[in-house]
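Submitted below is the structure of interest, expressed as structure tokens.
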Amino acid sequence: MTAILERRESASLWARFCEWITSTENRLYIGWFGVLMIPTLLTATSVFIIAFIAAPPVDIDGIREPVSGYLLYGNNIISGAVVPTSNAIGLHFYPIWEAASLDEWLYNGGPYQLIVCHFFLGICCYMGREWELSFRLGMRPWIAVAYSAPVAAATAVFIIYPIGQGSFSDGMPLGISGTFNFMIVFQAEHNILMHPFHMLGVAGVFGGSLFSAMHGSLVTSSLIRETTENESRNAGYKFGQEEETYNIVAAHGYFGRLIFQYASFNNSRSLHFFLAAWPVVGIWFTALGISTMAFNLNGFNFNQSVVDSQGRVINTWADIINRANLGMEVMHERNAHNFPLDLASVEAPSIA
């Protein structure tokens, strides 16, 4: 009899736990994805803060030349970063218990791999949690779909690119100047500026910013007057009100006359779908471009593609970019190799 009561009590506790986890009445929705999201993101955030402040230098290139990225070693907020895992580790899974000591783990950049792996799991679970909450509220799933764009971008630079290049040391450093260094080296090695998927990403990000500003300014400029001159326009809106707060016909008429009639949306639903889809698709393409360049399917090479009747090269902007790429490649990882691969792998051009 006692055993039966205990089983019923435990089942009741589990049922109450399940109900609490999936309840949409909580101030913050947890969900089953949240059960994994919360510890992984807390771990990634905690280790990042500690490592950014106090972790020792890391032998990123695997040549016994540690690189400092931490505040206590003389860096500031801009120059500081969590330095990627050492090239000596490559793609090996490198938890703390795989190192001979904590000092070795820190020297080889173990915190970077710990942060990146937990962060990746956390943001994937956050996306799943968005879908889960939408499902429970009877909403459509497009919030999670939109969030998949930054998830894809983070996955590309933190997971796919290191896999393609064969080492976590090629991942993006976790810092401001480290991000810029990653971008410069990426351009030098992969010519990303000449990759069509990157161009689509630029169109998505800048186009999305433009469309967001246009939409916000049009709505703000065509608000329906509900207040006096002495009150804030924002006081004219009541949360949950049924009627429109702005005149879409006026906004449509203005924009149609400013550009041309069919440049303006006359359907609010299709307008907002467009505002969401444009940057999301652009960022998807950029993430896809990073993922293909990870395996050295690089941007277009139009170097020395224009010549005169005598066979002499007429430089184009592609050649100017190529010169910049060579200069950047010479400068990075100065002691890891003695000569840039692009210069060392071809016959030296004749100077005379």
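The backbone N, Cα and C atoms fix where each Cβ goes, glycine too.
Here the structure is a predicted model, which means the values were calculated and not measured.
In case it helps, Swiss-Prot gives these features for our protein:
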MOD_RES   Thr2  N-acetylthreonine
TRANSMEM  29-46  transmembrane segment
TRANSMEM  118-133  transmembrane segment
BINDING   His118  chlorophyll a ChlzD1 binding site
TRANSMEM  142-156  transmembrane segment
SITE      Tyr161  site 'Tyrosine radical intermediate'
SITE      His190  site 'Stabilizes free radical intermediate'
TRANSMEM  197-218  transmembrane segment
BINDING   His198  chlorophyll a PD1 binding site
BINDING   His215, Ser264, Phe265  quinone binding site
TRANSMEM  274-288  transmembrane segment
Could you say which of the recorded positions Tyr161, Phe265 has its Cβ with the most other Cβ atoms inside 10 Å?
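Neighbour-count leader: Tyr161.
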Go through 29-46, 118-133, 274-288 and flag the stretch with the largest number of C-beta pairs under 8 Å relative to the transmembrane segment (197-218).
274-288
Calculate the distance in Å between the alpha carbons (Cα) of Tyr161 (site 'Tyrosine radical intermediate') and His198 (chlorophyll a PD1 binding site), and round it to a whole number.
15
Distance check, please: Cα of Phe265 (quinone binding site) against Cα of His198 (chlorophyll a PD1 binding site), rounded to an integer number of angstrom.
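So the alpha carbons of Phe265 (quinone binding site) and His198 (chlorophyll a PD1 binding site) sit roughly 28 Å from each other.
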Using C-alpha positions only, work out which of the recorded positions His118, His190, His198 is nearest to Ser264 (quinone binding site).
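Result for Ser264 (quinone binding site): the nearest of the recorded positions is His198.
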Would you mind checking how many other C-beta atoms are within 10 angstroms of the C-beta on Ser264 (quinone binding site)?
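A 10 Å sphere around the Cβ of Ser264 (quinone binding site) contains 18 other Cβ atoms.
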Find the one among the recorded positions His118, His190, His215 whose C-alpha lies closest to that of His198 (chlorophyll a PD1 binding site).
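Closest candidate to His198 (chlorophyll a PD1 binding site), judged by Cα separation, is His190.
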